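Report on the structure given below.
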């Protein structure tokens with residue numbers, strides 16, 4: 001006769017009932033004024049289990065990152081799907097994070113290098129930025145790399161190019177985890193400070209009340225003694 005360990009069965013049931021952690025996807029912001037290149041990049045990244053948000057200009061990328069309040073785009077969009085689908089909502093509304101920014105170099109209005117400088121001078125400075133271009137210009141490549149770009153990739157992109165980006169995905173994820181840990185520690189410290197202040201105020205109020213009661217009792221006893229002396 002085979003005996004069944006009820007404790008093991010209960011443990012297995014508890015493990016099965018626990019919610020499984022959701023698979024975390026790297027979020028890539030793709031910036032390119034070319035519809036064809038944008039679709040190709042989106043397909044390559046989605047094939048690597050990445051979440052992709054596409055915009056067709058540097059101005060829209062800044063707006064999506066929350067670095068500009070209003071978008072004044074006087075140039076006509078070259079995107080074929082912009083009329084059929086709503087523009088991506090800013091991160092403040094979606095509550096999401098960007099792990100990597102990939103931008104074309106040659107774009108009307110704001111170039112990829114200008115976008116790079118704006119990002120590196122903002123709160124998104126720790127997010128890796130990759131520049132893409134169909135022109136192999138050494139001076140341009142050096143300028144972008146010296147300006148803070150992690151990579152300079154030549155178009156058309158290949159699957160092998162995505163292998164170069166894996167280390168930047170990990171780096172960005174580690175930075176996000178460190179920020180969350182620091183923020184949670186700060187929140188915990190603030191909560192402790194608030195609790196201590198509240199306890200201190202409560203204790204001070206209790207002491208003040210006791211002093212007031214003691215003073216009132218002393219005055220009452222003094223009045224009683226004065227009345228007794230007056231009677232005598």
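Backbone N, Cα and C define each Cβ position, glycine as well.
Lifted from TrEMBL, the feature list:
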- 217-232: compositional bias 'Basic and acidic residues' (COMPBIAS)
- 27-170: domain 'Response regulatory' (DOMAIN)
- 104: 4-aspartylphosphate (MOD_RES)
- 199-232: region 'Disordered' (REGION)
Can you count the other CB atoms that lie within 10 A of the CB of residue 104 (4-aspartylphosphate)?
24
With DSSP helix as H/G/I and strand as E/B, how many residues of the domain 'Response regulatory' (27-170) fall in helix, strand and coil?
52 helix, 24 strand, 68 coil
Rounded mean pLDDT for the residues that make up the domain 'Response regulatory' (27-170):
85
